[in-house]
Protein chains: 4
Amino acid sequence: MEISLNNAIESITHQLQLWRRDFHQYAESGWFEFRTATRVADELARLGYQLQLGKDVIKAEDRMGLPTPEQFAEQEKRAIEQGALTEWLPHFSGGFTGIVATLDTGKPGPTLAFRVDMDALDLNEDLTAQHRPHAEGFASCNSHMMHACGHDGHTAIGLGLAHILKQFQSQLTGRIKLIFQPAEEGTRGAKSMATAGVVDDVDFFVAIHIGTGVPKGELVCGSKSFLATTKFDVTFHGKAAHSGARPEEGKNALVAAAQATLGLYAIPRHSEGSSRINVGVLNAGIGRNVIADHALMKVETRGETNEINEFMYQKALNVIEGAAKMQDVDFKINLMGAAQSSHPSPEWVDFIMGLAQNKIPELASVIKDKPQAAGSEDATYFMERTKAQGGQATYMIFGTELSAGHHNERFDFDEDVMPVAVKTLATIALSLPEFGGKTHE
Amino acid sequence: MEISLNNAIESITHQLQLWRRDFHQYAESGWFEFRTATRVADELARLGYQLQLGKDVIKAEDRMGLPTPEQFAEQEKRAIEQGALTEWLPHFSGGFTGIVATLDTGKPGPTLAFRVDMDALDLNEDLTAQHRPHAEGFASCNSHMMHACGHDGHTAIGLGLAHILKQFQSQLTGRIKLIFQPAEEGTRGAKSMATAGVVDDVDFFVAIHIGTGVPKGELVCGSKSFLATTKFDVTFHGKAAHSGARPEEGKNALVAAAQATLGLYAIPRHSEGSSRINVGVLNAGIGRNVIADHALMKVETRGETNEINEFMYQKALNVIEGAAKMQDVDFKINLMGAAQSSHPSPEWVDFIMGLAQNKIPELASVIKDKPQAAGSEDATYFMERTKAQGGQATYMIFGTELSAGHHNERFDFDEDVMPVAVKTLATIALSLPEFGGKTHE
Amino acid sequence: MEISLNNAIESITHQLQLWRRDFHQYAESGWFEFRTATRVADELARLGYQLQLGKDVIKAEDRMGLPTPEQFAEQEKRAIEQGALTEWLPHFSGGFTGIVATLDTGKPGPTLAFRVDMDALDLNEDLTAQHRPHAEGFASCNSHMMHACGHDGHTAIGLGLAHILKQFQSQLTGRIKLIFQPAEEGTRGAKSMATAGVVDDVDFFVAIHIGTGVPKGELVCGSKSFLATTKFDVTFHGKAAHSGARPEEGKNALVAAAQATLGLYAIPRHSEGSSRINVGVLNAGIGRNVIADHALMKVETRGETNEINEFMYQKALNVIEGAAKMQDVDFKINLMGAAQSSHPSPEWVDFIMGLAQNKIPELASVIKDKPQAAGSEDATYFMERTKAQGGQATYMIFGTELSAGHHNERFDFDEDVMPVAVKTLATIALSLPEFGGKTHE
Amino acid sequence: MEISLNNAIESITHQLQLWRRDFHQYAESGWFEFRTATRVADELARLGYQLQLGKDVIKAEDRMGLPTPEQFAEQEKRAIEQGALTEWLPHFSGGFTGIVATLDTGKPGPTLAFRVDMDALDLNEDLTAQHRPHAEGFASCNSHMMHACGHDGHTAIGLGLAHILKQFQSQLTGRIKLIFQPAEEGTRGAKSMATAGVVDDVDFFVAIHIGTGVPKGELVCGSKSFLATTKFDVTFHGKAAHSGARPEEGKNALVAAAQATLGLYAIPRHSEGSSRINVGVLNAGIGRNVIADHALMKVETRGETNEINEFMYQKALNVIEGAAKMQDVDFKINLMGAAQSSHPSPEWVDFIMGLAQNKIPELASVIKDKPQAAGSEDATYFMERTKAQGGQATYMIFGTELSAGHHNERFDFDEDVMPVAVKTLATIALSLPEFGGKTHE
């Protein structure tokens, strides 16, 4: 099996690069992955996977940080012009760009799921000679959209894995689900797929990422560095008035936002673990000589545990309501994103570590976890849901060399990581019977 | 009449000084005027005035800024030791130190009222040689109580006027009411006498003050420099917690007070006139390493009109409620004082100006009004009430030389102002029939 | 004289409307009055006025609230396309759109100056049927520029007055200066013309406005309702950092702005007169999960006197510097506009009142002043400068009916006001010898 | 040895209780331990220890949170009345209440130090029947001073240990230093003893505490739960002014404190570990109608490492300086206390754990560390200094049953812990030669 898997991996290595560069060139931000999703769906359908698409795998009301209808219309038009496959587009229209592809081996066995994400960042890509994507002609052609986090690679890995698994179907048991998620940036998409139930039948779950500071040749098998987070917009609506002529008639939304800002940063530290609060953006007012009648704040809380994040969020709600009351202005809170803390299942992580150490010689270093700068990741929704149903879950990071940090306009990665990732994930699927873990029923 | 009035005034001039210096020496702060009130009552009773005392002229629930029962007990004891007349004391016990003395001439005519105030300030008097009250042995013997605003003089003027009016009773018509008010400092007392109805039958009302920057020999007949004001204490009650061990368990009253403070000062200016806001005192917390569980703020609003002050106060309520909400703490607001803006009745002022110019040669300058530093005065409650019932009212200021500004520990005044004031007020009473103003009925 | 003046006024009445509607249609915001200024200059030159233009009448460094070089280039191009006269344009290029036109009668006598302003507001004009400028085809063709304050009428009045004065030159004495000012909105332009010295030889000065709530047929001869003001932008520059990963590395410009906002509104009231403070606009930050590295605040202070406004401004500087220090961020303050309080010269106002009452029967009501909602006006710079040199100055308001308030997108005015204004101003010039006021020398 | 040690311990058990109850009854707050220190010194001198006292072991300028000279005078008088030994008192006068007692065995070997603290808390002791110290007659006779943290027990243990060590001197090697520290509460005293050099020759250091939630029979051998901390008072000095008459003349210290408070709580979280900030007390202003001219804030920062605490403190300095600048007030910062984070030496902790497990059967449970609520302890200064000189250090906690939490007015502890602690510490001294740890030279 080892030999033929190596051969199979080798035979798709070039295709992995083609896919990745195609997705990179037509980078699409969260909920706008129309071209990407239609091409992924088409490829998976050709391979013979059963597909569930759009509203079947995304609960509409749990999507967060949605664009406006006008933006959707514009972006679907753009996607069509850039080669989105129109026979698939209706499934994804209006911000339902999720795909679940299932391979049912027909043989008894547990259900195993792999999750990748497909969205780009709201960023303009660097267009100078030293940036490889530009030099080699695959830099993003979409303004303010760039794959600066590696999700293009994740999507390519997902497709490569689909090919390999299909090829080795006879050696597999149970069912395998490949989850292609939209809108991970801003942690906006996973919750809606999790609450749609896509992992409710899953016994073993794996989410992946590349890079994030892990060096080439190293594999993290159970990352728990993620903070739970809630991301929300706050709007205050007051009443405008001429600041010289009738200051007393105004209801000052800008002052409410200033008070709220200071109140939010004053939410106490938590003795049980890390917490975070940020008001990243504040826009208020219409003119120098007018009492500001509106204000918008983009806020996020984080916590080392879901409980700490919830503590921060509940305190934030008090602060905002109180600040509005102080200035007698109205307020509205729009949830824009959310993620949970990550707690990989220890046995599952140990099993994967063993496989990786024994069967993937390309990996020079296989470790359980690596302390990371504290960020957030909404694959945690799938992890928690899988575990809540009795399954086991983990988050893996495949090391690779980066040309610049994530979310930087010069981000690029060493594409050698892709075949290694496909091989490792395929090996997990092929070796699953060796793991005596608990399954559903 | 002029001649004999002059003689009468002259004959009580020394007594005016004796009274004033006695009240000065036994200075009593607001609601504690036990010694003062019993001696005033006794004097007026001897003269034959009909007296209404204590609860008959003070509406209990409209008193503001009351001391504690313990303080009352202690101060009544102190007053007795200092010569309070115990036969009168029961009327005033517990903070009902107001007196209304009526002289009914038996002849038809309007009702005329004069109001003076009796309370001292919470201040330690200067005890150096250059301060006359100390040098001449009548400095306050009560710690933290000092007549540094001239109310000792006002009370003496009131008694002197009572003497003169009684002497000239046969030349008077209608009824005359002398109002001796407690607790003017902090604008705490007048409202409770006004709502008790003491000016409800009054056709013409006069309140007086001495000094306030008006030079010796000058009389202001209709001062309108007073700002309406509301004085209140705010308490926030939160929850203590160890700031190192369990900061998340606290509810921070100190932060609520800081937010409220900034919100109060941010209440907008009013285009229709002057406004003021002050948080004069803030005390919060119990220890460096404890989340503060309580905070107390002493606050006041002011406005050029009652409407502007009310605007300020209503905005302040929003701010306080909102700040409490922000930190999830409880709050309580205690009204501590209030006054209204002053609007002397034009005809009544003109009549008095004419009398003063023609009949009081001691006055070198008689003016309608003089722009003053903006303060507040609760005689305005009597003025507004008198006018609301169809009467006319004014506020007069008798100029005198001061040794230091009002509310200063070295305050003293030229006692020559007292006989001039008595003469002027008596002249108003004696000349009232000349004024064709409207009366009740 | 009266008869022929009436005839002369009548003969230019239609032209006044043509001018006004032309300027209205090609509305140009402050410092962009390229088309307007070239046409005004051309007209005045044809009439034989001596012209001083651009840098000769505008001190470069005292201009405030200037656009960027790119905006200037774009707007000059736009103006040329819309008929700016290219022979005059070089004088005004780069934001020097001021004109002073002098008529020297050759006869001895004082120097009299009239000032009008030429700029539009940054506003989109209403384009519905009920808005006359649109219905009759002279609505602004420039996006985000609209004459919603009547300066189009002021410019037309200035041109009409130039015609009349030239026609009646033989009856005039001394010298007359017509000042056409740019950028009055935001009070950005007058100071630079005043410091350039354009009124340094002026004995009598008149600035005018139409509307502002004064009814048709009424004339205010000496408006003193203007507050001194300082308008400025504040920028804070901090340091971005990832709010989850490295919050301690950020320097938070948004928090600095929030602190500054509350500090600004907490600047105390002034006992000597009205004051104002407003933070009308606040924009800060780049993304929800980034510590904000920059913030912009648009601020203005006002005061009933120059001293009060200066008090407010100096306090504001402390607040801003301190708020920057608190967050260890840099700050920059850009002056964007300024005006002074107005104090018309009493004798000059009385003289004009007399003329208006006696010689302008079109005026049903001639008053000294009318309490107005507190705004600001930079003609006050000319007034103060004239007075500082020993001259006399006033600010006149010609009542007219408005379709909507000033600065409203449906603003329009009854054009009948224009010939009345021209007649009144011409009458002042013709009657000046009757006024025994003091002149230079 | 074991047998005779047990006997020796038994023979002093009653004396331990007598000492403890004596210190408890005459509880003395930090820097006021005059009676306690003279009695400790006297006892140690009788035993034959070499003593270093007062200024020889305390660096004057590194003492923090000192009382006033008046308070010192009053407390020394009180101490004499309560039996302070006047022959020793001069050494300690003026707040130098530290003692180092050295036992030099004359035999080669390392220097071992034990540190105990002697101060009480500023707290009134409960005087109800169910509180044992009151019921059994040893409750504090000093108002607002109470041993509610167990330092009375620590001092008794230190004296008991001195007795035992003297008794077993022949079996000891090297030198042993017993450090009796003042003013641990508020973390005010240790730094001044550490910088005086008292542990500069120490190879092995042990500080102890009893209770803190560790159950009876359990020993923590290397507690690292302490946060570094800086405790400081901030005073703002502004300018008073009448809030109605001249608000513009004030410089508002209360507003500065409110701004500073919000700025302090807004200091960012640190990604490398826990941090804390607290404004525990805020007192500002003199009267409701006066602009507040002063404010006092009691503040503390904490950090999981010294670096994080220093980050917090430096940020706090910026905030305070900026807030003062905003209101144009002066400020002063007084350091009131400080402690460092604790990092016990691993080998030293392991050695002690081994001893305790093998030789002290009274200990049912011996553990390395126990997660504790995050507090601070200034013994960390001795620990850091010892380690910086190449030595090893630890912090031990002897479990005991408490009647109420530390710092509670009903705090009391099971005195059985004292002989166990003495035995364990003596065993460390006696067993030291078994430890191959590095020594000086």
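Using the three backbone atoms N, Cα and C, a Cβ is placed for every residue, glycine included.
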Legend entry - Among A:His14, A:His407 - the residue TrEMBL places in the same Mn(2+) site as A:Cys149, A:His151, A:Glu185, A:His209: A:His407
Inset, instruction - Could you list the residues of the same chain, at least six apart in sequence, whose Cβ is under 8 A from the Cβ of A:His209 (Mn(2+) binding site)? - result: A:Gly150, A:His154, A:Ser223, A:Glu377, A:Tyr395, A:Met396, A:Ile397, A:Phe398
Inset, instruction - Show, in sequence order, which residues other than A:Cys149, A:His151, A:Glu185, A:His209, A:His407 on the same chain lie with their Cβ within 8 Å of the centre of the Cβ atoms of the Mn(2+) site. - result: A:Asp117, A:Asp119, A:Leu121, A:His147, A:Ala148, A:Gly150, A:Glu184, A:His406
Legend entry - Per-residue Cβ crowding (10 Å cut-off), top of binding-site residues A:His151, A:His407: A:His151
Legend entry - Other CB atoms within 10 A, centred on A:Glu185 (Mn(2+) binding site): 23
Legend entry - Integer average pLDDT (0 to 100) for the domain 'Peptidase M20 dimerisation' (A:231-310): 96
Inset, instruction - Mind giving me a neighbour count for A:Cys149 (Mn(2+) binding site)? Other Cβ atoms within 10 Å of its Cβ, every protein chain shown. - result: 25
Inset, instruction - Count the residues of the domain 'Peptidase M20 dimerisation' (A:231-310) that DSSP assigns to helix (H, G, I), to strand (E, B) and to coil, and report the three numbers in that order. - result: 21 helix, 31 strand, 28 coil
